[in-house]
Structure formats: structure tokens, C-alpha cells
Amino acid sequence: MLAQDCPSKQDLQNSIQQAHKLLSAQEASYLQSLRTLRKKLNLLHNSVARLPAKAKNSTCPNLDTPVNGKKLGKILFPGHEVHFLCDVGFELEGSETRQCKDSLSWSGQQPVCKDIDECLSSPCANGGTCTDEVNGFSCVCAKGWAGPDCQAPTPTFFVTTANTSPVSAGAAAASSFPLTHTSAFTRPSRCSQVQGTTHCTCEPGFTISGRDNSVCTDIDECKLFHNGQAGRLCLHTCVNTAGGYRCTCPAGYNVTRDGRNCKDIDECSTRQNNCTHEQLCINTYGGFQCVKVECPQIRNATYVKTSSLRCERNPCLVDSRTCSQAPNSVSFHYMSVVSNLSAPRVMFRVSAVRMIGDTLRFALLGSRGRRHFTVQRSDRQTGELLLTSPVQGPATLDAEVEMSELERRELLGRYITKITIFVSPYEF
Ligand SMILES: [Ca+2]
Ligand SMILES: [Ca+2]
């Protein structure tokens, strides 16, 4: 077993021979490196030997800094570089970088900074004339155009004609007139460049228009929402304005706080009426009415006003049939409604406060608005005045509802209610 583990004499001799070969190869490589190093050292030695005796003064000549530019780098020894930059608005012509050569001269050409001609890209739109300036340009715009690039229409809404005559100086302000009808409804757009794309925006209420997106035109909200599904913009009249709109209401109405609806002015409670002391002021939609409540003039019967809206018959003389058949009371009732009220609709109810007799009858007496009304009973003691068809205003309708009380078919009393209905010209 031991004899097998130990290498033979031959094996050992082979191994030693291989180690010798490896050492020889390393030795050869090492010597090669040394030879190369020696060569480089000799070359360096030769070049140093060629250098002039006074190395300190061996520099390239100083370089000028270009007008409207900068020079970077101050070392003027051979092998060193100097760089040149131009100010904004100028472009470099010549060499951007110059190197000091071994011959102590600079490579390349002395650069100059030349003003960039911004007019070359024709920046003045709409026929404007371009003038090149340092780091920019200026445009002289054609008539009707304004702005730095002549892209905006001249914002002329009004032109005041100058009048030098002192006599008519006061009239000069009044002679202002719109230059064109549409100019007040256009504005220049605001454009910006984002990643090479032009984005133009308008003031609220305006929308982009025009070939080059340079003009913002007012949105006509009144036309746009005329019969929109969301409902009308204004209850009454829509007035388009530059950048918006406003609603107006007819006389007798105020525009509500939301700016879209109309609210009737109560002339009666705000003393904006001209009713006399004897008259009653009745507020109506869009106006007011002055009414005078007068008790009926019937022969042999006299009436007394028991309230501003009610007359009651004085007791009759014995055996005066005319008097006893005259209405016991006449009440007045005034109503204000809007035009085109849907029908049928109960407008008024007449009730007996207390019944003495056994029967109540309700009837519609002759009236101006008879064709619009009917009277019906809603319960034993109540009659209703019913509007049967819509009424287009402006209109004033009258109706007289009579309530008769009977006891065994004998008339006990007649009670009349006179109803006046003021219909507005509008549906509000
Ligand atoms: Ca508008
Ligand atoms: Ca009113």
C-alpha cells in the first residue's frame, strides 16, 4: 500500500523539469518587459535632450477674448487648450477650442462672436416688418395687428374721435363708437411652446378661433344654450356679453340673485305705487293694480263696509221684498296669477261659516271670464270656483260666486263673492 502512495523517481524528475520550464518562461517575459522599459526611457531621454535650454518662456502667445464672448483656460504651455464661448444672442464663428502646439503656435482660427439674426426665421406674423436687435428682434406690425409677434388683432373696442374744437368738446366723448361690431368680442390668445407644440388658451368665456389659434372669440352662451336640455339659461331675455352673458327681466321684475330668474317687485309693500288713499294696492306679477272697493247700489237696500274687502247689508225695513232679496253680503277678492296656468284648477273656495237653513246652493253669476270658470260643490258647505282652461295674459278676469242659503226652499240669504284675477303677461 505504501509503495503505491509514494511517487516514483521518474515522476519526480518530470515534475522538476516542468518547474524549470515555467521559470524559464517567466524569466523571458520579465526580461522582455525590462527591454521595453529601457527603450521608453531612452526615447524620453532623447526628447528631453532636444528641449530648448529656457523652458519657462516656451509658451504660446496670449489669445484675445472675443467681443461678446468668454475665453476659458489661461495656461499657454504646449499641449494645453483654450475654449471660447459667446454671450446669449451671439453665435461663435471660428474655432471653439484651440490647442497650444509644440511649435508654440495655436491650432485653429481665432473665433468671433457674431450677433444672431433673429429675423432670419421671419418671426413677425401677419405682414409685420422685423428688425434684428442684440439678443432679440422687434416687429413693426401691419395695420390691425399688435403684440410682440404681430399675432394679436389690435384690441380696439372703441375709438374716441379727437375733436379740437372747444365748442363741441363736450360732445367728443359721446362720439365714441365701436370700431367694428365684432372687435369687442375677440381677444388675443395666450400661446406657449410645450415640447415643440404650441398651446393656446383664452380668457374664460372665450374660445379659440382663427387660422393660427391666435384669436379668441366670445362664446355666445345665449345661442349655445338657447333650447338646451338643461333648461333655458335665462328665464326671460339672455344678453350676450364679451366673456359672459347676463339675463334681463321685463319692467316690474328684478333679476334674482342667481342671475337667471326674474322676481316680481312688490310695488305695494315698497311704496313704488301711485294708488290713492281710497284705493287698495294689489300686487300683480310684473306690476300692480289700484282698486276701489265699492259697495253695491241697490234700491231699498243699503250697505256698510265692514272691512276693506267686505260690504254687509243693513237690516231691511219690514215688508221690503227688494231689500230682503238683495245680497246679505258682498265680499271682494283679488288674485294675481301668472300666464298660462294649467287647468283645471281650483281658484277659490266659498264656505258658509255657520248654517241656519237646510240647503246651500252655489252658482256662477254673469262674469267677464265666464268661459274660463265653473262652480262646483266640494262638500255640503263649500263651493269651488274652478278654472277650466289656461288663460294667456295679460288679462283681467272677473267671477261672481253666489252662495244661497235656503230653509224648506225659502231663501234665507244670499252671499256674493266677487273675484278678480290679474293674469301676468308672462309665465312668471
Ligand atoms: Ca359671451
Ligand atoms: Ca308686482
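Using N, Cα and C of the backbone, Cβ positions are placed for all residues, glycine too.
The record in TrEMBL pairs C113 in a disulfide bond with C86, which is drawn from C60, C86, C141, C150. In the shown protein chains, 21 other C-beta atoms lie within 10 A of the C-beta of C86 (disulfide bond). Taking the C-alpha positions, the distance from C113 (disulfide bond) to C141 (disulfide bond) comes to 30 Å. When Cβ atoms from all protein chains are considered, those within 10 Å of C113 (disulfide bond) total 21, not counting its own.
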